[in-house]
Amino acid sequence: MKQRGKRIRPSGKDLVFHFTIASLLPVFLLVVGLFHVKTIQQINWQDFNLSQADKIDIPYLIISFSVAILICLLVAFFKRVRYDTVKQLYHRQKLAKMILENKWYESEQVKTEGFFKDSAGRTKEKITYFPKMYYRLKNGLIQIRVEITLGKYQDQLLHLEKKLESGLYCELTDKELKDSYVEYTLLYDTIASRISIDEVEAKDGKLRLMKNVWWEYDKLPHMLIAGGTGGGKTYFILTLIEALLHTDSKLYILDPKNADLADLGSVMANVYYRKEDLLSCIETFYEEMMKHSEEMKQLKNYKTGKNYAYLGLPAHFLIFDEYVAFMEMLGTKENTAVMNKLKQIVMLGRQAGFFLILACQRPDAKYLGDGIRDQFNFRVALGRMSEMGYGMMFGSDVQKDFFLKRIKGRGYVDVGTSVISEFYTPLVPKGYDFLEEIKKLSNSRQSTQATCEAEVAGVD
């Protein structure tokens, strides 16, 4: 039962009311009893009758009731502070009401006898079948497990995504069909899972972006970022760059608009903004990938099916901002050449450790055609976007209701599971100096590399 969670039952439609009464009534009676304990002890219960009620001290009784009610309110407030406990009750109550109001159960009319023998009986509804549904909240994730019995409500129970997201105000992160049941996993209180920039970490081929969201670039390579002005796209890219600089990864930064990312050229290498330099960098990145793919197979510890990390090689990232704007600057011949190179990178780069992070205001199919867009496993849409924009990003057939919240850095993400959920970029403190922090990391990497080269030269 612990693993499945709490069973949702028909009586759960009044769960919060029942819980409140069951919790507060004993408190109320206990407080009133303490006030009147002496009076209760002095009463001769064998001779007690209602005519003795005029001996009750009414003002004292009112005071005792008032204190008891006040204490109950304080207890209720304490329960309210324990937000998760109360919220779980509301969730379970909503799930019970969902089944009852949609009539996803079976019942029969039964006749009950009257209180007196000669009184007429009455009929009432008796539930004969109620879907087995279990609710569980653990580590910020809600897991709802629903039994599938091939009954007439199977289709409804297999497609609860929209109802659960809007009804529980949570974001679906996973849906898995297992033997005889389907399990929905939702992110509870999504904004509470937002992390700060110092909590972002890259390790073991994955990058942490929220408490429960990781980009596993070794398994699900390449990232596509879309977002208009003011959506937090630039800060998000800078956050990725800073996090990757903590590893031994080699980065190439392309900014055709000569904007914020181009400023990184003053503190780190391989930052380009001129058209010719961008074209040359893309060509170099592609050639390096092909070269690494060949050289990997010549290494003594090479094994079929193993990737660059197994061989101890560093990852390479091509971070390309304003991709669509750059493609619109090119002629037809250059345009085709760039698209062919990028297509090869996204198709062949994973095993060799060559990854592409592409950013644009809108992922126009004109420049992400021929299946290239489908190769971007991690997709983030930040800020305000149209329905068409979301369709370009996540697919035109996506079954998802998108809502706008005026929070910078908020958007939607598909981590590679084809499930779209709410996303918040890591928080960046006001006044945070990316250039200074990236400069420190870049200098540290250079000094470490120089030390290693000196040690190797000494051994030789």
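Counting begins at 1 with the first residue displayed.
Backbone N, Cα and C define each Cβ position, glycine as well.
Here is what TrEMBL says about this protein:
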- 15-38: transmembrane segment (TRANSMEM)
- 58-78: transmembrane segment (TRANSMEM)
- 210-391: domain 'FtsK' (DOMAIN)
- G227, G228, T229, G230, G231, G232, K233, T234: ATP binding site (BINDING)
Considering the binding-site residues G227, G228, G230, G231, G232, which residue's Cβ sits among the greatest number of other Cβ atoms within 10 Å?
G227
Number of other Cβ atoms within 10 Å of the Cβ of K233 (ATP binding site) across all protein chains
25
Those binding-site residues listed as T229, T234, and which of them has the most Cβ atoms within 10 Å of its own Cβ
T234
Should G227 (ATP binding site) be counted as helix, strand, or coil on the basis of DSSP?
strand
